[in-house]
Amino acid sequence: MSSGKEAISEVQSAPPTPPPPPVSAPPSRVHSPAAPGGRSSPLRAMASPLASPVRKAVATVRGCLEEVGHITRLADPRDAWLPITESRSGNAYYAAFHNLSSGVGFQALVLPAAFAPLGWTWAIICLTLAFAWQLYTLWLLVRLHEPVAGGVRYSRYMHLATTIFGERWAKILALLPVMYLSAGICTALIIVGGGSMKMLFGIACGEACLARPLTVVEWYLVFVCAAVLLSQLPNLNSIAGVSLVGAAAAVAYCTMIWVASVAKGRVPGVSYDPVKAPSDVDAALGVVNGLGIIAFAFRGHNVVLEIQGTMPSTLKHPSHVPMWKGVKVAYAIVALCFYPLAIGGFWAYGNQIPPNGILSALYKFHSSDVSRLVLGITTLLVIINCLTTFQIYAMPVYDNMEAGYVHRKNRPCPRWLRAGFRAFFGAVNFLIAVALPFLSELAGLLGGIALPVTLAYPCFMWVAIKRPRKGTATWNVNWALGILGMSISLVLIVGNLWGLVEKGLRVKFFKPADSQ
């Protein structure tokens, strides 16, 4: 007993163990879980990613893959099931194809009509200023797609607008212009594409053709069926080849039209003086309509974020680098299409240019002295471009339709439902094209409605996200351009509505043949 007590007393009287010297842990271990008392449990330590060789290897491999760009982190994993963000394998070439196909289209054919009320000098100045302005706001959107490296990616225009303006104001300010630029342009493409099919049939068949020609409504239906069939390609990356074909077709028919017009020379009685209006009000309305046509020509900003969303993005290789390369190439070609078409078309036809643009002028003045082969190829290229452009502008609508199902069911949209959504969208646009065949004549008004999406909102978004210091050049330029863009949009809308009230819009609903 005495020996036991002596042992106990020796243990109790032993000096306390000195505390271990402090050890500086790496930042990754500072917040690692530890067991009570300062010592981590062996099981917990084995479960730690840093202590587990398997997990460490997986984390290393995943980090390496993210560095080279094979894995892109999504804010919502369900985005991998939607058409826009389903594939992240895009590159600068795909960006150039998509931007060129969406940037050049039937709206370019109306540009010479904007020169008639504005005249040579002011039309060229306005066209140049609008081109530079929209190119700047395009650069803003490309950089706002991923404002913080490795952070949230805004792969949809409405997502960015909702983040900046809030859900309520985003619906008020941005939803209508964005929806028009998607669904409204698709409807206009049906009108232009279906009407071009009708003209192509007449050119190919000739006057002695015994076949019964289809009505305009039936040609609209043929165009919609072809567009819906082509829309079964699953996502935005899968239509890169389609966009390449459409871009090549657009560049080809723009070049053929202005070359043929210039080669035939000026039409008799051509004049370049601004059209004399009976009153100052009518003259002002003509100027407003011309500005609206120029504004409507520069579309495509509502799909820029979506196009960039198809690209991988890492810290070393951010998506804005290849995207901007593709944009620069695309819009250099856009300029080479717009300026010769507008200047050459107005030089050839002057103020006799029809309201529907240079293609109508080519048929009106040169249908007899231009080869049927040239007319047929030009019309075929217009049809091809309309079919391919339809796919790009419809993709955000497809994405929005499928998002409702995916977020509600928490699973990918089945193929049969995806096909049904796209067929339904085509049917709705067909119905609108038949009911409102005069939609393409409202280019000035619609250009004013869509102008903030292109010229104003990106400036406000840049100030809200980047927060430049008040009073700096960046702050002043973006606020000035944003306010000026909203003011011009308001003037265009009010002016075109006033013109419709003054002159009246002679239309007949469900009578598309009358508009051809």
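Along the chain as shown, residues are numbered 1 onward.
The backbone N, Cα and C atoms fix where each Cβ goes, and this holds for glycine too.
Since we're looking at a predicted model, the values are computed, not measured.
If you look up TrEMBL, you'll see 1-42 marked as region 'Disordered'. According to TrEMBL, the feature compositional bias 'Pro residues' maps to 15-25. Taken from TrEMBL, the feature compositional bias 'Low complexity' covers 26-36. The annotation domain 'Amino acid transporter transmembrane' is assigned in TrEMBL to 90-500. Residues or ranges marked as transmembrane segment in TrEMBL: 109-136, 172-193, 214-233, 239-260, 329-350, 370-398, 419-439, 445-465, 477-501.
Against the transmembrane segment (370-398), stretch 239-260 has more CB pairs under 8 A than any other of 109-136, 214-233, 239-260, 419-439, 477-501. Here the listed stretches are 172-193, 329-350, 419-439, 445-465, and the one with the most C-beta pairs under 8 angstroms to the transmembrane segment (109-136) is 329-350. With a threshold of 8 Å between CB atoms, the same-chain residues lying at least 6 positions outside the transmembrane segment (172-193) that come near it are 105-106, 157-158, 161, 165, 220, 223-224, 227, 299, 302-303, 382-383, 386-387, 389-390, 393-394, 396-397, 425, 428-430, 432-433, 436-437, 439-440, 446, 449-450, 452-453, 457, 512, 515. Outside the transmembrane segment (329-350) by six or more residues, the chain places 92, 95-97, 99-100, 103-104, 108-109, 111-112, 114-116, 120, 123-124, 127, 131, 135, 138, 247, 250-251, 254-255, 257-259, 261-262, 264-267, 270-272, 297, 357-358, 361, 365 with a CB less than 8 A from a CB of the stretch.
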